[in-house]
Amino acid sequence: MGVQFAAPAVGLFTTTADYTSVVSINIFVTLLCACIVIGHLLEENRWMNESTTAIAIGLCTGFVILLISKGTSSRILVFSEDLFFIYLLPPIIFNAGFQVKKKQFFRNFMTIMLFGAVGTLISFSLISFGASRLCQLLDIGPMELGDFLAIGAIFSATDSVCTLQVLNQDETPLLYSLVFGEGVVNDATSVVLFNAIQSFDLSHINSSTGLKLVGNFLYLFIISTLLGVIAGLLSAYVIKKLYFGRHSTDREVALMILMAYLSYVLAELFELSAILTVFFCGIVMSHYTWHNVTESSRITTKHIFATMSFISEIFIFLYVGMDALDIEKWKIVSGSPGKSISISAALLGMVLVGRAAFVFPLSFLSNLTKKLPDEKINWKQQITIWWAGLMRGAVSIALAYKKFSLSGFTQQQPNAVMITSTITVVLFSTVVFGLLTKPLVKFLLPSTRHASEPSTPKSFLAPLLGHSQDSEADLGIHVPRPTSLRMLLTTPTHTVHHYWRKFDNAFMRPMFGGRGFAPFVPGSPAERSTLDVND
């Protein structure tokens, strides 16, 4: 009797589809590693940055796949809005809130909100109006008011990563704080606008519809922020009271990660702005929760959050590079390439004009409320802020796919035109503007750092959180305390921070922990940190 051998299985995956998926994942992970290695080698390059490197590798990979597949496909993975919004975006936004310098952020909070919220609304209005006129002029196909408003929200979402990689937050703390804070608030505002537009029937718009749209926007903005604050305080309270570190540091690290992610998915569940929720959850966790865990858990969480954010950003830019060569969408618009190029160029022009329309006027208004010269935004900083918001990135791509495609595919010409135009604007702005960012910033804001001064801090905390800043009392500066609301509004804003710290020390930290109120358990590290490095 002969022996019959079964056909060899490929690992745990026996079907061709499963095996193809495994091959695709292997290739993509290999490309991620290549992006990190090449990005490291080009770190000192004057022109390149990690996002530009990832897009370039994605373009090259897409071209190779296009040749191998004989023009049928350029992608390894199919884009999914769920993949982006549920898995890739949360670690990026949470880490932004977790590592923000809170004192600088809240000291410039009104200016940041002016740029991030009011400025985004101005840009949104101009781009929406321009898109409606443009689409009618070029006759790209049937489009409704909701489509034009969605285009305004899509192209109002900025990506300031390239500029932040060049700016030094110790040399230009005001500028870094404004660019960083505006970037996060801008993304949140754009997504809130986009979701508010999708939830309304705009076929019969009137004054009441406009008021409802504004009310829905404010509702989403406020409730999303409160949810993030509550989630952060809850995590701080639980960890402070139970103090998992006495038994296992793994549990408190896992709880911090899961509570942060829970805040995001809860916001999605209640149809709120998950970006705002997880951002403010990160701020609250860094202020309270982080001080309630053991020293080893602090090190671990900082590196975990930063690493997850870094990988997610590289993943997104790598995919954008590959998706730019997707043959399906380009075939649909191939009948009118001139029209597609005209739309992309016009949208890019609207981005430039829409950005300038609020940066310079709002900077002027902000400077009117400032008394000290160091607190005012000079013209070189205004140009840098304007330039930092010209680049479009992952949020624009994700919103375009969410509006104009179904599961990463599209068959209608107007939808294909808008997706290819979005990809073109993102690629051009990221690559061309990104390449010019370092020389421009170096020209406008020459570094005062001496050549012998090390560029990399020795402390592991410094690159992630920055150094703490001395308070007014520590510096021996006497700041008059306001005795009325009028005086409060005209007094330098660090006095508001002074009152917040008094309230924080008297009520919040005794209940939720934080600097100087971390739980002490016999056998735990005696040297609990008393310095809030995020201040």
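One is the number of the first residue shown, and numbering goes on along the chain from there.
The backbone N, Cα and C atoms fix where each Cβ goes, and this holds for glycine too.
What TrEMBL lists as domain 'Cation/H+ exchanger transmembrane' is 32-442.
What TrEMBL lists as transmembrane segment is 22-42 (among others).
Under the heading transmembrane segment, TrEMBL lists 54-70 (among others). Long-range contacts of the transmembrane segment (54-70) within the same chain, counting only residues at least 6 positions beyond its ends with a Cβ under 8 Å from a Cβ of the stretch, are 27, 31, 34-35, 38-39, 76, 314, 317-327, 427, 430-431.
The transmembrane segment feature in TrEMBL is assigned to 76-97 (among others).
Annotation comment: TrEMBL describes 109-128 (among others) as transmembrane segment. Remote same-chain partners of the transmembrane segment (109-128), defined as residues 6 or more beyond its termini with a Cβ less than 8 Å from a stretch Cβ, comprise 148-149, 151-153, 155-156, 177-178, 181-186, 188-190, 193, 221, 347, 350-351, 353-355, 357-359, 362, 365-366, 369, 377, 385, 493.
Among residues of the same chain six or more beyond the transmembrane segment (217-239), those with a C-beta under 8 A of the stretch's C-beta atoms are 117, 188-189, 192-193, 195-196, 252, 255-256, 259-260, 262-263, 266-267, 270, 272-285, 287-289, 292-293, 511-514. Annotated transmembrane segment per TrEMBL: 217-239 (among others), in sequence order.
What TrEMBL lists as transmembrane segment is 251-267 (among others). Tertiary neighbourhood of the transmembrane segment (251-267): same-chain residues 86, 90, 94, 224, 227-228, 231-232, 234-235, 238-239, 244-245, 273-274, 276-278, 281-282, 285, 289-290, 293-294, 297, 300-301, 304, selected by CB-CB distance under 8 Å and a gap of 6+ residues from either end.
Annotated transmembrane segment per TrEMBL: 303-321 (among others), in sequence order.
Taken from TrEMBL, the feature transmembrane segment applies to 341-365 (among others). Residues 114-115, 118-119, 122-124, 126-127, 130-131, 134, 138, 140, 151, 155-156, 377, 382, 385-386, 389-390, 392, 417, 420-421, 424-425, 428-429 of the same chain lie 6 or more positions beyond the ends of the transmembrane segment (341-365) yet place their CB under 8 Å from a CB of it.
If one looks beyond the transmembrane segment (385-404) by at least 6 residues along the same chain, the residues whose Cβ comes under 8 Å of a Cβ in the stretch are 51, 79, 81, 84-85, 88-89, 115, 147, 150, 153-155, 157-164, 175, 178-179, 182-183, 186-187, 190-191, 194, 198, 313, 316-317, 320, 323, 351-352, 355-356, 359-360, 363, 377, 410, 414-416, 418-419, 422-423, 425-426, 429-430, 433-434, 437, 440-441. If you look up TrEMBL, you'll see 385-404 (among others) marked as transmembrane segment.
According to TrEMBL, the feature transmembrane segment maps to 416-436 (among others).
When each of 22-42, 76-97, 416-436 is scored by its Cβ pairs under 8 Å to the transmembrane segment (303-321), the top-ranked stretch turns out to be 76-97. Panel annotation: around the transmembrane segment (76-97), residues 24, 27-28, 61, 65, 180, 183-184, 187, 260-261, 264-265, 268, 274-275, 278-283, 286, 305-306, 308-309, 312-313, 315-316, 319, 322-323, 394-395, 397-398, 401-402, 405, 407-409 of the same chain, lying at least six beyond its termini, place a Cβ under 8 Å from a Cβ of the stretch. Sequence-distant contacts of the transmembrane segment (416-436) (same chain, at least 6 residues past either end, Cβ-Cβ under 8 Å): 47-49, 51-52, 55-56, 140-141, 147, 151, 154-155, 159, 162, 317, 320-321, 323-324, 329-330, 332-333, 339-341, 343-344, 347-348, 351, 387, 390-393, 396-397, 400-401, 403-405, 410.
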